[in-house]
Structure formats: structure tokens, C-alpha cells
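Input: a single structure, listed below in C-alpha cells.
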Amino acid sequence: MSDYQETLYEGYGQRFRMEKMLHEVRTEHQHLVIFQNPRMGRVMALDGVIQTTEADEFIYHEMLTHVPILAHGAAKRVLIIGGGDGGMLREVAKHLTVEHITMVEIDATVVEMCKEFLPNHSSGAFDDSRLNLVIDDGMRFVATTEEKFDVIISDSTDPIGPGEVLFSENFYQACHRCLNEGGILVTQNGTPFMQLSGVQTTAGRMNGLFADWHFYQAAIPTYIGGAMTFAWGATDKSYRKLPLETLRQRFSGSGIVTRYYNPEVHIGAFALPQYVLHAVNKASND
């Protein structure tokens, strides 16, 4: 029995006990490892960085999915960038009012390995008839597609390796171009305590592009460093200020059962701490 040492940060990190190595492969794009941990269940890492675990993935996937879709209220077409483990797809597919889901993943091996070794993440969602799975670079897709979407979810790795381009100015501009009127973009943005410069960079990308931009957060044990931020860009300022009762009605009407998300958490997630507000040059959470 050995340990897996994450290598994301210099001088600070986390270690996972590997009860059993389930799969290890160097794909065309990255080094993929899936192993069994006694506390977190099955764990996937890419290029030395923990990506997802069976124990707490529900927090991340529910918050990146249900917040924008329920805020929008009438999303028919959803685009997922990344998300090869299938967890984001599983949560989007729970919204029966969504008519079309396009998922763009750069690494086909990640999809196939997660189907085999992390089947609970996708829970059969890869067989959903609404899905169009595209194996391609996410940046290239949003830069060239003629399709439009109501919600775009960027479920990227950290801004290193294949995921680096998904934090570029060109990526945010291309996503904005792909949104229908009234569309929403959300992206994974790391833990601000450890990756504050990344949050600042994203704020600079969003400001000027979107009528309303902000961040929201959730605490996910696997992603060390405190609460994780998700970037929010909307073409309609009202989405972030929806009354609690409206969200309750939409959530109840969806019939979706969650383990983390609820309308109260939805609203509270947009309340950022002072150091993050200061970093992104916002005077308040308004």
C-alpha cells in the first residue's frame, strides 16, 4: 500500500492512501491515474493533480450545474466544456426541460476510463439521447462552432497543460459569442485562497464582456485551500438577484433530488468574502 502525493502547490499539499491502483495510463494529452482510497472511494488524478473523488464529487457537479440552469429558468441547450468523468453530464441530464446537451472533451481516454472505473459519476448519462459528445479541444470548438447555447459550463482542469487555454481571454470571448440572448457562462475557477491571481485574471476577462459578472463558491474537501470559486457571467443582470421563492418553485418543479444544492445555498453561494471582493475590485456583493 502506497500514497499518492498531489503536486499542485509548492510547499503545501495533500496525500491520499492508495489501497489499490485501478488504472494508470499516459494518454495522448496527460498522465491519468485512478485508484482506491479508504475514505474518498475511487479517485482520479491527472498530471499529479486530484480531479475528482467518489465521496465529494456531488458538491462540485451540483453547484456548477443547478445554479446556472435554475437561475436561467428556461435553458434548452447546454454546452459542457471538459467534464470527461461524466459527473457534470449526469447533473445536466437531470433537467428534463433541457433538450440538447453538447459535451466537448479533449481526451477520449478520460471518457472511456471513467465509464469503466468511475461509473457512478456518469450513472448512464453517456447513453442519454440528448447528448452530442464531441472529442475535440474546447477552445477550438467554441471558436469555430455556429451553434448557440443557453448555458455553457466549463468543467476544466487547472490552468496548466491542456486546460490552460480554457482560462484565456480568447476562450471567454468565444463562449460569449456562443451564448443565446439571455445566456449564462459558468467556469471552474480554483480556490481563491491558493489561486487568487487566477480569480483576478478571470474577473478581468469577464468585466466588459458580460452585463453581470461575479463569482460564487462551495467548499469541496478534495480541492484543498478552502472554498472553491466558480466564475459567473450572465447577459441578464436579474439572474443573480432572483427571489428565493422563485428558485424554490423552479427547484421543486424540476423534481430533481440533490445532496448539496438547495435554493438557500444557491443564494448564499454568491456572498463572497472581503479579500476576494477586494481582489476583483468589487465594493460589495451587489
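Think of each number as a place in line: the chain as shown, counted from 1.
Using the three backbone atoms N, Cα and C, a Cβ is placed for every residue, glycine included.
The active site, proton acceptor annotation in Swiss-Prot covers Asp155. Packing around Asp155 (active site, proton acceptor) is summarised by its Cβ count: 27 other Cβ atoms lie within 10 angstroms of its Cβ, all protein chains included. In the three-state DSSP classification, Asp155 (active site, proton acceptor) falls within a strand.
The S-methyl-5'-thioadenosine binding site annotation in Swiss-Prot covers Gln30, Glu105, Asp137, Gly138, Pro162. Counting Cβ atoms from all protein chains shown, Gln30 (S-methyl-5'-thioadenosine binding site) has 21 others lying within 10 Å of its own Cβ. In the three-state DSSP scheme, Gln30 (S-methyl-5'-thioadenosine binding site) is classed as coil.
According to Swiss-Prot, the spermidine binding site annotation covers His61, Asp85, Asp155, Ser156, Thr157, Asp158, on the basis of sequence analysis. In three-state terms derived from DSSP, His61 (spermidine binding site) belongs to a helical segment.
Summarising the annotation, Swiss-Prot assigns domain 'PABS' to 1-235 and lists sequence analysis as the type of evidence.
In sequence order, Gly82, Gly83, Gly84, Val111, Leu133, Val134, Ile135, Gly138 are the residues of the chain that are 6 or more apart from Glu105 (S-methyl-5'-thioadenosine binding site) and have a CB within less than 8 Å of its CB. Secondary structure at Glu105 (S-methyl-5'-thioadenosine binding site), as computed by DSSP, is strand. Predicted-model confidence for the domain 'PABS' (1-235) is 93, expressed as mean pLDDT. Local packing around the binding-site residues Asp85, Asp137 was summarised as the count of other Cβ atoms within 10 Å of each Cβ; on this measure the leading residue is Asp85.
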